[in-house]
Amino acid sequence: MNKDEELLIEAIENDDLKEVQKLLQEGVDPNILDEDDKPCILSAIRNKNLDIVSVLLENGANPNAVDADGEPIISAAIRTKRLDIINILLENRADPNLQPPRKNTILLKAIQSNNLDIVNAFLNKGANLNALDISGYPIFLKAIKSENLEIINALLEKGANPNLVDKDGSPLLFTAINTKNLDIIDALIKMGANVEAKNKDGNTVLNVLLERRGNVNIISLLIENSQDKEKIFNLKNNNGETFLHLAAQQGNSKIFDKYLDYYPTVNITDKAGYTPLYWSKLSMKK
């Protein structure tokens, strides 16, 4: 590193815009690395200095640069929550889908900021809504877990797939019911989430809710939004059990009695050959 490059790094760290401009005009490289192998623009971002970030970009600083750990500089901008700095990086062709090796996507970092404006900045530049994180899970799953309804709706409105399946074989609606948040579940259903979808055990979300003694209001919401109530009541898991088999086995008379009239075939049997009525009578004897 020569003397002028050292002066540029010092000027950026000290928020000295005039000195930065002077050195750039003299031809100092805006992409030089500091002694920690970090791009000099990173200091300007961390200092939240929009003017210096702008002048560095105008003079050719790389908006997709990464630090010594492979972390994109725009990640630092997300951490500052300075929308103006994020926007100027994106306007200067920062990649909204940048994902260095062994790192999460930039959009996931935006989602984790819990800031709708920041998320929208990336969505408006074409960020991939259905990307996976480094563990192989959909980033939309992380948005659901965050329980930020505004961000979830923004992702859905931009085309996020409400029927994505995670690497464990569970549709995202299963994650949504874990939040116990009716608004989130309703948002997914309204955008086409399949209430009849199954996990790897062959259970529907209704079955999972029953096993967890779930919210009756959520159960009702799922049933009322099923396109085919006969089908949803007759769907079997890997043990051949239907919704009412499980309700009866648990002795959940409130659910069993409420939906018995809906049930088109009360004599449907599980793999052991037993009907829901059999299990209901057995549970009443206990």
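Glycine is treated like the rest: Cβ placed from N, Cα and C.
Taken straight from TrEMBL:
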{"type": "REPEAT", "residues": "36-68", "note": "repeat 'ANK'"}
{"type": "REPEAT", "residues": "102-134", "note": "repeat 'ANK'"}
{"type": "REPEAT", "residues": "135-167", "note": "repeat 'ANK'"}
{"type": "REPEAT", "residues": "168-200", "note": "repeat 'ANK'"}
{"type": "REPEAT", "residues": "239-271", "note": "repeat 'ANK'"}
Distant-in-sequence neighbours of the repeat 'ANK' (36-68), which means Cβ under 8 A and at least six residues beyond its ends: 8-9, 12-13, 15, 17, 20-21, 24, 30, 74, 76-77, 80, 82, 84-85, 88-90, 92-95, 98, 100
Per-state residue totals over the repeat 'ANK' (239-271) - DSSP helix, strand, coil: 15 helix, 0 strand, 18 coil
Three-state composition of the repeat 'ANK' (135-167), taking helix and strand from DSSP: 17 helix, 2 strand, 14 coil
Residues of the repeat 'ANK' (102-134) by DSSP state, where helix covers H, G and I: 15 helix, 1 strand, 17 coil
